[in-house]
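S.K.: Just passing along the structure, written as structure tokens.
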């Protein structure tokens, strides 16, 4: 529908997508104090349980999904309320700037600045400074991973207790991994849309999307360098039995690489961070869905973390698809798999 409206000149497909996903204002929650604030000029929404607590609570910084292009505080209102209520935690939902109006690294910088502000002013929210967690889904999972990596070496702030990555997108080198082949046409995230969103975030437009999908955007030497981390060889065989075929490498196009070379920056593609950073990362929770083009990004990062001695809790939804968590209690219905996934996040939080 968005593409049709764009072709007729009525509105852009991104504008239409934002309208469809905007969410709606909810009424008062009897169990939560909810307030809209600004953390270092970044809009946030803070959820605090009303019940008295014997000690300081855990604090969760939440970054919403939406391909860096869609999503808002309202879109994820029900998810954040649920996490705050069920885990009895203070949740800070971050409204970072969206692409294409605000290109990389705007969203990353907003998430980092809001997190640092929260950690420096943590006593105002009754949060234990030793129990702060970054959490995000999809593009938000990408941002959570990038923020976690940036803060890993900081000695002037408390160490993050954990990171929660819900079907995160973590690399843009290879859009032909097994999960991309298997789930290329599965809603809510088609293979082409994944490249479209990554390019919108990087450059503010989706030129060269075809070349990026084919793999012409990465030099052979760089592809070889990162093969130790981004390769079907690192994905368990059981995930490759369904509709996967080896693909011939395409010719490298230097002009395209010049426009997308920042894809090799870990703040944009956290899977490419050096081992020296990865081994400093906090305990991690990764949720993947079988019917999701981003499934293998999560599996590859799980391996990287484990190879570097980081404790990982992995939860895989065999019947899940991309975006299923954001559909919790959506228009009065929920997918059972989405509820299981959300509860797995809550259970992990309670275990910390």
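Glycine is no exception: its Cβ is also placed from the backbone N, Cα and C atoms.
According to TrEMBL, the active site annotation covers 138, 292, 322. If you look up TrEMBL, you'll see 60-206, 252-325 marked as domain 'Alpha/beta hydrolase fold-3'.
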S.K.: Roughly how many angstrom lie between the C-alpha atoms of residue 322 (active site) and residue 292 (active site)?
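M.R.: Cα of residue 322 (active site) to Cα of residue 292 (active site) measures 5 Å after rounding.
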S.K.: Among 138, 292, 322, all listed as active-site residues, which has the most CB atoms within 10 Å of its CB?
M.R.: 138
S.K.: Looking only at C-alpha atoms, tell me how far residue 138 (active site) is from residue 292 (active site), rounded to the nearest Å.
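M.R.: Per the Cα atoms, residue 138 (active site) and residue 292 (active site) stand 11 Å apart.
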S.K.: Going by DSSP, how much of the domain 'Alpha/beta hydrolase fold-3' (60-206) is helix, how much is strand and how much is coil, in residues?
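M.R.: Counting residues per DSSP class in the domain 'Alpha/beta hydrolase fold-3' (60-206), I get 61 helix, 25 strand, 61 coil.
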S.K.: Looking only at the domain 'Alpha/beta hydrolase fold-3' (252-325), what is the mean pLDDT?
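M.R.: Averaged over the domain 'Alpha/beta hydrolase fold-3' (252-325), per-residue pLDDT gives 98.
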